[in-house]
Amino acid sequence: MDFSEFGRHAEYVVAAYAMAAVVIGALIIWVRTDKTRLEKELQALEASGIRRRSTRRAGPSVSQATSVPANKKNEK
Amino acid sequence: MTLYDLANPTRFLKLVKVVLPWLIVATVAALAVGLYFAFFVAPEDYQQGQTVRIMFVHVPSAQLALMCYAMMALSSVGSLVWKHPLADVSAKAAAPLGAAFTFLALFSGAVWGKPMWGTFWVWDARLTSFLVLLIMYLGIIALWKAIEDPIKAAKVNAIITLVGVINVVIIKFSVEWWNTLHQPPSIIRSGGPAIHSSILIPLGLMALAFVLLFVTLHLMSMRNEIMRRRIRAMRMRAASAAPAASSSTITKAAPAGAR
């Protein structure tokens with residue numbers, strides 16, 4: 001494709017792709033920052049001695065929650 | 001691993017940890033190939049010229065907007081009928097993604113409409129029903145935030161989501177039931193696609209890339225939601241333990257004070 005022949009409607013094509021980049025970029029940033037914030041919150045709770053019931057029984061820390069077997073009843 | 005095994009969030013998170021890196025690589029690769037085909041392989045349309053390239057963003061976004069709602073409806077059934085532990089997590093995590101892709105479909109449709117139709121917007125059945133879909137997504141997100149108890153919120157949202165399925169059917173058939181400015185179906189229709197393979201293949205690649213992107217973002221959002229619920233459960237445990245701890249302190253302190 002020759003960009004010099006993009007045509008008189010180039011601004012509409014650019015606007016569509018630019019908005020797609022902004023929306024997808026914003027979604028990725030939102031999901032990543034949310035994860036970071038939640039992980040920090042979990043660590044802060046763990047540091048203050050608060051633990052999940054299943055982890056208190058099993059032993060390991062909350063920050064290892066993704067790999068610790070949990071009681072299904074506690075998840076909801 | 002069965003679907004029942006995945007009902008356990010911890011097992012689900014383990015699976016996400018394994019699958020996510022591969023999904024990210026597949027998404028980036030599919031997007032790169034799709035964009036290359038969209039800009040360097042697909043020819044310009046003999047009538048629309050270069051603006052046909054907007055289709056490679058508009059159609060996958062619109063399909064995802066509908067697919068996401070259909071998935072939320074299935075999750076709602078799972079939540080109401082089987083009380084699947086991850087069903088309401090899935091529905092909640094999908095809503096913002098669905099809203100984002102619906103907005104993108106509306107925006108790209110508007111900037112495609114201006115050079116082709118001479119207007120950004122017209123209140124025809126397809127466009128209006130798609131705007132209703134965006135409003136429904138925003139309403140569902142607001143409702144999730146408004147109800148503090150996630151179990152109650154899941155039930156209310158599941159019912160509303162299932163009622164809203166009627167709008168998905170209206171969106172799908174709006175171009176056949178009413179006389180609209182929006183074109184009739186050109187991909188999924190009796191008699192096969194009405195689009196030439198030189199444009200259909202790049203469109204398929206971009207649609208695949210968008211689906212992979214959605215699955216990746218959805219799994220990441222579900223992981224976040226599970227963490228959010230764990231934090232809530234821990235805070236509630238801490239709050240319920242606090243009065244007990246203070247009352248036991250009082251009980252211990254009382255005899256000492258009596259002495």
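Including glycine, each Cβ sits where the backbone N, Cα and C put it.
Per TrEMBL, domain 'Cytochrome c assembly protein' is recorded for B:5-182.
Feature annotation from TrEMBL assigns transmembrane segment to B:20-42 (among others). For the transmembrane segment (B:20-42), same-chain residues at least 6 beyond its ends with a Cβ under 8 Å from one of its own Cβ atoms are 52-53, 56, 198-199, 201-202, 205-206, 208-209, 212-213, 215-216, 219-220.
Annotation comment: TrEMBL describes B:62-82 (among others) as transmembrane segment. Counting only same-chain residues 6+ beyond the ends of the transmembrane segment (B:62-82), those with a CB under 8 A from a CB of the stretch are 88, 90-91, 94-95, 97-98, 101-102, 105, 109, 130, 133, 136-137, 140, 154-155, 157-159, 161-162, 164-165, 168, 171-172, 207, 210-211, 214.
What TrEMBL records for B:94-113 (among others) is transmembrane segment.
The feature transmembrane segment is assigned by TrEMBL to B:125-144 (among others). Using a Cβ-Cβ cut-off under 8 Å and counting only residues 6 or more beyond its ends in the same chain, the transmembrane segment (B:125-144) has close neighbours at 62, 65-66, 69, 72, 92, 95-96, 98-99, 102-103, 105-106, 109, 153, 156-157, 160-161, 164, 167-168, 170-171, 174-175, 177-178, 180-182.
The transmembrane segment annotation in TrEMBL covers B:156-175 (among others).
The transmembrane segment annotation in TrEMBL covers B:195-220 (among others).
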